[in-house]
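A.B. asks: Starting off with a structure, shown below.
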Amino acid sequence: QSPDGKRLEGLSKQLDWDVRKIQRWFRHRRNQDKPTTLTKFCESMWRFTFYLSIFFYGIRFLWTAPWFWDTRQCWYNYPFQPLTSRLYYYYILELAFYWSLMFSQFTDIKRKDFLIMFVHHLATIGLITFSYMNNMVRVGTLVLCLHDASDFLLEAAKLANYAKYQRLCDAFFMLFGVVFIVTRLGIYPFWILNTTLFESWELIGPYPSWWLFNGLLITLQILHVIWSYLIIRTAYKALVRGKVSKDDRSDVESSSEEEDVTSNSTKGVFSTSSNGSNRVNGHVASGQWMEE
């Protein structure tokens with residue numbers, strides 16, 4: 001798919017083409033193997049539907065739960081806390097979805113944050129499974145609902161981007177950034193980590209699984225900080241350029257036309273991903289945006 005210099009020179013002599021023309025042909029050929037905008041739109045629509053549905057299910061369920069308003073309730077009478085059917089289905093649906101993301105990650109387009117997402121999925125699946133096995137489902141539901149609060153906004157921004165509604169895409173992305181930072185850097189450490197680290201220690205004391213459980217939660221917080229940095233940088237670029245640009249987690253491959261332009265005139269200005277010969281993640285090159 002990506003021949004080296006010696007191979008390119010050999011093909012140039014055989015075909016009587018210049019090397020640049022051969023490189024362009026290979027880029028076009030690689031782009032043909034990539035998912036279309038419609039495929040990406042359908043994938044984002046599926047995730048948007050799930051995230052939105054599960055978030056409202058979680059809010060409706062937790063609104064009447066006592067531990068939603070008082071996190072100390074997560075540890076009263078632990079571990080002898082009943083597992084209701086609604087709580088059980090909430091957990092099973094979330095676990096099944098994240099397992100699907102774990103497997104589909106290897107078939108999706110390879111992106112720069114592949115390793116970070118892999119660690120995230122491992123930590124999430126580990127947390128869901130571990131908290132269920134240890135009957136820490138009350139605090140587990142808080143973690144799940146908190147993470148779902150911003151995910152559907154990101155998918156909504158992608159849908160608007162693929163549909164070429166740039167202003168709507170920008171609005172959803174900015175809203176996503178605000179909600180993400182507030183929930184992941186504000187509510188999560190001061191509400192979730194506070195109860196798992198300090199309130200649980202005070203009410204039930206430390207135990208062997210306590211260390212592993214909090215280790216996984218802290219791992220998630222480290223990932224939150226990394227993603228928040230990327231989001232803030234993308235938002236800053238958006239303010240400078242007047243539109244949302246793609247973030248650093250985009251596809252690794254660059255599009256044909258844009259590579260030609262950057263190599264000839266503005267090389268180094270863009271570092272883009274492709275979804276065809278002249279589009280970047282479903283949007284024209286001048287309005288490029290992010291793909292998770």
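Placement of Cβ uses the backbone N, Cα and C atoms for every residue, glycine included.
What you are looking at is a predicted structure, and each value in this text was computed from that prediction instead of being measured.
According to TrEMBL, the feature domain 'Homeobox' maps to 1-36. The DNA-binding region feature in TrEMBL is assigned to 3-37. For 39-240, the entry in TrEMBL reads domain 'TLC'. Annotation comment: TrEMBL describes 48-68, 88-107, 114-133, 172-191, 211-232 as transmembrane segment. What TrEMBL records for 249-292 is region 'Disordered'. Residues or ranges marked as compositional bias 'Polar residues' in TrEMBL: 266-280.
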A.B. asks: Residue list, the transmembrane segment (88-107) vs rest of chain: Cβ under 8 Å, 6 or more residues beyond ends.
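C.D. replies: Contacts of the transmembrane segment (88-107) (Cβ under 8 Å, skipping residues fewer than 6 from its ends): 50, 54, 57-58, 61, 114, 117-118, 121-122, 124-125, 128-129, 132, 137, 140-141, 144.
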A.B. asks: So if I exclude everything within five residues of the ends of the transmembrane segment (211-232), which remaining residues of that chain have a CB under 8 angstroms from its CBs? That is, six or more out.
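C.D. replies: Residues 116, 119-120, 123-124, 126-127, 130-131, 134, 136, 143, 176-177, 180-181, 184-185, 188-189, 192-193, 196-197, 247-249.
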